[in-house]
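Student: Here it is, the structure in full.
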Amino acid sequence: MTADKLVFFVNGRKVVEKNADPETTLLAYLRRKLGLSGTKLGCGEGGCGACTVMLSKYDRLQNKIVHFSANACLAPICSLHHVAVTTVEGIGSTKTRLHPVQERIAKSHGSQCGFCTPGIVMSMYTLLRNQPEPTMEEIENAFQGNLCRCTGYRPILQGFRTFARDGGCCGGDGNNPNCCMNQKKDHSVSLSPSLFKPEEFTPLDPTQEPIFPPELLRLKDTPRKQLRFEGERVTWIQASTLKELLDLKAQHPDAKLVVGNTEIGIEMKFKNMLFPMIVCPAWIPELNSVEHGPDGISFGAACPLSIVEKTLVDAVAKLPAQKTEVFRGVLEQLRWFAGKQVKSVASVGGNIITASPISDLNPVFMASGAKLTLVSRGTRRTVQMDHTFFPGYRKTLLSPEEILLSIEIPYSREGEYFSAFKQASRREDDIAKVTSGMRVLFKPGTTEVQELALCYGGMANRTISALKTTQRQLSKLWKEELLQDVCAGLAEELHLPPDAPGGMVDFRCTLTLSFFFKFYLTVLQKLGQENLEDKCGKLDPTFASATLLFQKDPPADVQLFQEVPKGQSEEDMVGRPLPHLAADMQASGEAVYCDDIPRYENELSLRLVTSTRAHAKIKSIDTSEAKKVPGFVCFISADDVPGSNITGICNDETVFAKDKVTCVGHIIGAVVADTPEHTQRAAQGVKITYEELPAIITIEDAIKNNSFYGPELKIEKGDLKKGFSEADNVVSGEIYIGGQEHFYLETHCTIAVPKGEAGEMELFVSTQNTMKTQSFVAKMLGVPANRIVVRVKRMGGGFGGKETRSTVVSTAVALAAYKTGRPVRCMLDRDEDMLITGGRHPFLARYKVGFMKTGTVVALEVDHFSNVGNTQDLSQSIMERALFHMDNCYKIPNIRGTGRLCKTNLPSNTAFRGFGGPQGMLIAECWMSEVAVTCGMPAEEVRRKNLYKEGDLTHFNQKLEGFTLPRCWEECLASSQYHARKSEVDKFNKENCWKKRGLCIIPTKFGISFTVPFLNQAGALLHVYTDGSVLLTHGGTEMGQGLHTKMVQVASRALKIPTSKIYISETSTNTVPNTSPTAASVSADLNGQAVYAACQTILKRLEPYKKKNPSGSWEDWVTAAYMDTVSLSATGFYRTPNLGYSFETNSGNPFHYFSYGVACSEVEIDCLTGDHKNLRTDIVMDVGSSLNPAIDIGQVEGAFVQGLGLFTLEELHYSPEGSLHTRGPSTYKIPAFGSIPIEFRVSLLRDCPNKKAIYASKAVGEPPLFLAASIFFAIKDAIRAARAQHTGNNVKELFRLDSPATPEKIRNACVDKFTTLCVTGVPENCKPWSVRV
């Protein structure tokens, strides 16, 4: 049968595709076929929003053009017939003009690495196309499907607030917490209230937007016909009528129906499932209809969830409240269901038929008694969605030929009450741990139960109803006895085995009770409002807040920084909030990342083949099936390596595993083929047989088996025995700190291009470490380093994850290019990246602290254990830094810290922002908080009492000079109004039984330098051209931290020329050799001094010409020097002086200086669910004399939010066999827009120049991250209040809270009558779903 032509529009241009393949996504088509690289691949599963585009079509049922955002990574091109696609390139560019959305995110400093920026731009653009004057709430909701790992979200929201009709300036009324008039303080120096000037923004003019393609508009009344698209393996049929659809289903009962592809697309990509026949019913009117009937509202099964949501919102606004109880429950679930990109395309019917056991909506539909209409050729039936509808895992009552035609969501009746609940790891766009729909119907005029439905997701392999429990409650009164009986019944009926998939067994069981208790209280409250209190009892006022749905105030933020001195030249940009130099290009999609480089004509694609066993011998590798895949070129392995297969920082790694694998994800080989799709299929065809060996997975396993790398590391000072003997109190404890995935938005990527002579090869790499990439590739190929050129334009984030681990990809790709003689490209998929490349080290610490009754610490002993993985990588240096930071900011006269590196069968863990420091400091604050509790003293008082003073020696004997921490502490106490708010928190906790607040203030001291002395060096190369323009190169790489921008500012001041004359193109090994990695927060310090040195050389050469022509211009002096045959090219070099520490003698300076900061955070926890919200954070940070306040504040906020993820949200789950469960944004949750503090206030400490760094600045990348521990300990403070109330224990009780403080840990720590009903016994031989590594 002949395939049809696919016709759609992209940015106004008509596209006619004669060979549309149903397996091709819009993202792949845009990037590879149309060359539109602005739309990015971040995850491939619709979870990050980097691929967001706007789709527009004429909706025949609504009779209007509709615009909606969508994830291009999931949208099959075959679904786009007669659709207009708008990408970031289509709304504006630097060559023409930026769209106001692009301009505002750039100028408000909302783009750092820039990889997420195009997707965020398109989410905002789509919102404005539908709502030119949105509310701030609508703006925040528009980004529920977008993630950013760099900025901390604040500048994005602040920039886009200028579009809001309820945002921006308050007109001087002072009624806005962000009022600019409130920000100007009476200081001796001028503080700036704004990082950008909104009045300079281009106004939004909706009339100037591109029009919908007239050709598509003319087709709106043309009858649709069935379409057929044939791919390599899959056929796609677009049915145009219901009859066609039913006939197709009868002919092909196994065909999959696809509307949004948000489920099937995931199964095809990540579960390797193949569906040869796909039928799309999206055009069929009956499946898209919305009908208001006498019993409820019916939605066609293909209705997008966004239509369901809008319809129900309208109904709730118009109908009596009593009639819309169910609607409000559905809306509460849809509120957190997913991002706009998913809700705009995912269908309500697809959500039901997918039959997910953790569905957000199915428990609600089941509890409401929703009716489903099922049809097949010749039959039609209506069934109620009850406990029989899902007979098993991912199964429904539908026969193979049947389809779901519609769902009727019922109106609620008089005396009927309904609630819906969901608890996930993250509030926004997250898969539920437990969901529930609950309904009760009372006999008229009474509180006697006539019907009760309690339905749950996440408590079995399907959506279930607690029938035994509910049947027992019929005819009972809505009173305490019923509550107790239901809770006892649920605990018994919904019991989970200890090895249940998904884990968190006690938490999930407790949630079933907590949800019912909330429902019970909500109904009690409503009955009271209806004057039925006498029949059911009165709601305790302290319980009332437990019934409140989550609400968040509009974001409020303050940024304070010291303005440049009066008289500073307008051209001197040092100290000014200059936007990131690439921000405009990033916002328009023009910035080029590694995978954006146009494909070479003869380019090949590579896919890694990795181990599925944690520890095993390789018995055989069979590539016969891989070779059958079209486009297959070769398989490479250790046997193909021409040089050395030994690699890694410590020479304990291999490029490819040869005889044995030592972790799941260990690279065994790679498949090379003509396209990424073919390489993926071929890689799946490689069959490996293993002989399994015993594996060590956890820190406890390593300790038990004495599995360590190297000897014990130790720092010791004072007389520990004497210190403990003199202490009034001694407390011992243990804390575990989980690992963290880097989750840079751009995964690892390398393009290797063989040059065809003398072994030369050019590599384009997303790496922080050009030198190691060069040397590792050269060693593997057996050629000198001078034959390998490594080039880095920019990275889409790094955070330490691309310091060493990028080489595991680069070496494999280089070998493939060497073997084939052709360019080879590899960009890891998100799941591969997370599986292979490691992350932050998990730590286990055992501590013992001695202290006086006054709170003064006199002795400390801490044993640190880190889970290193299967190779050492940078782990020793990371442990060393943890030991250097085990004091945080506190003077401890007698101290001993030890560190052991646990050798395990996990992928090697590596550098991550903070580099061991955050782990060491969290442990310190853990025992410090316990000192305060034991002494019965305010925590802030104990912390202040133990702080170092100017001139003190640390435990590693480095003298503290320029110790600004006390100033940061006092400023933060004052600006946060700590003491007044502490009283308010205490008052709130007395008045609220089931919600508690906590407040905490935390300091940080972070050492600046590589602790390996020889790395503290940098080079720069500066070319001045005869037109006066300057090309600058330095050894640092740009990953969003603004390093290139700062270096241009440094050069601009040094040369006394505008920044517009200076350009940085890239970082490469053939311009600046032997570079240190861009890491340790020192890149601006090191490279800034090298740039300065190069500038001084040029200035010295130009000096004679300036003297000859003092009134001349820069160009005049440059031309004169050139004519006089003077070199206009110079190198610069810098090394940090006086560094070098000895562990043997505990002497020498490991650091050049320290950065300091203090944060105060307030949180509110829901004791029943473990949910929490971050109410407010105040930060005071010492960054010296800021080179660029906008970039520095962005680093403070971004680091803080990344720390917020580390300490409260991000959790890696490994199976007992060492396989990572959490391999993408659907299972691993980084902070989202809604995760940040509602009030976020950042102040840079004024008048604190740092004489040890370029232009008196300070490092800023890593130091602020630990300040997020203020949220962790505020949560612990709130839990303490809950435990004191519900257990009757003394507030001096010590309890353990490991990091991260997830909802599970918070809820389980809030011990109460519900948790005691849900304690699961774990049999000795039970193998849990996940283990703590």
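Cβ coordinates are placed from backbone N, Cα and C, and glycine is handled just like the others.
Just so it is clear, the model here is predicted, and its values are computed rather than measured.
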Student: Kindly point out which candidate in THR747, THR1004, THR1011 is recorded by Swiss-Prot as part of the substrate site with GLU803, ARG881, PHE915.
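Tutor: The one candidate that Swiss-Prot places in that substrate site: THR1011.
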Student: CYS1318 forms a disulfide with which residue in Swiss-Prot, given the options CYS455, CYS487, CYS509?
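Tutor: Cross-referencing Swiss-Prot, the cysteine bonded to CYS1318 turns out to be CYS509.
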Student: Through the lens of DSSP with three states only, how would you label LEU404 (FAD binding site)?
Tutor: strand
Student: Non-local Cβ contacts of CYS509 (disulfide bond) (under 8 Å, 6 or more apart, same chain)?
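Tutor: Counting only residues 6 or more apart in sequence, the Cβ neighbours of CYS509 (disulfide bond) under 8 Å are MET459, ALA491, LEU494, HIS495, LEU496, CYS1318, THR1320.
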Student: Max Cα-Cα distance in Å among GLN768, PHE799, ARG913, ALA1080, the residues listed as binding Mo-molybdopterin?
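Tutor: Maximum Cα-Cα distance: 13 Å.
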Student: Measuring CB to CB from CYS150 ([2Fe-2S] cluster 2 binding site), give everything in the same chain under 8 Å that is also at least six residues away in sequence.
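Tutor: In sequence order, GLN112, CYS113, CYS116, GLY797, GLY1040, GLY1194, GLY1198 meet the Cβ cut-off.
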Student: For each of the recorded positions (GLU263, GLU803, GLU1262), count the other CB atoms lying within 10 A of its CB, then report the residue with the highest count.
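Tutor: Of the recorded positions GLU263, GLU803, GLU1262, the highest Cβ count within 10 Å belongs to GLU1262.
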Student: Given the recorded positions CYS51, GLY260, CYS536, find the one whose Cα is closest in space to the Cα of PHE915 (substrate binding site).
Tutor: CYS51
Student: Let me know the most crowded of the binding-site residues, choosing from PHE799, PHE915 and counting other Cβ atoms within 10 Å.
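Tutor: The residue with the most neighbouring Cβ atoms within 10 Å is PHE799.
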Student: Between C-alpha atoms, which of these binding-site residues comes nearest to CYS536 (disulfide bond): CYS48, GLN768, ARG881?
Tutor: CYS48
Student: Tell me the Cβ contacts of SER347 (FAD binding site) under 8 Å, same chain only and six or more apart in sequence, or just say none.
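Tutor: For SER347 (FAD binding site), the qualifying residues are VAL259, GLY260, ALA301, ALA302, CYS303, PRO304, LEU305.
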Student: Let me check the 10 A CB neighbour count of CYS43 ([2Fe-2S] cluster 1 binding site). How many other CB atoms are there?
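Tutor: Around the Cβ of CYS43 ([2Fe-2S] cluster 1 binding site), 26 other Cβ atoms lie within 10 Å.
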Student: Using the centroid of the Cβ atoms of CYS43, CYS48, CYS51, CYS73 as reference, list every other same-chain residue with Cβ within 8 Å of it (recorded [2Fe-2S] cluster 1 site), in sequence order.
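Tutor: Along the chain, the qualifying residues are LEU27, LYS40, LEU41, GLY42, GLY44, GLU45, GLY46, GLY47, GLY49, ALA50, ASN71, ALA72, LEU74, GLY119, ARG830, PRO1225.
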Student: If one measures from the C-alpha of ARG881 (substrate binding site) to the C-alpha of CYS148 ([2Fe-2S] cluster 2 binding site), what distance in angstrom results, rounded to a whole number?
Tutor: 28
Student: Among CYS43, CYS73, CYS148, GLY350, LEU404, these being the binding-site residues, pick the one whose CA is nearest to that of PHE799 (Mo-molybdopterin binding site).
Tutor: CYS148
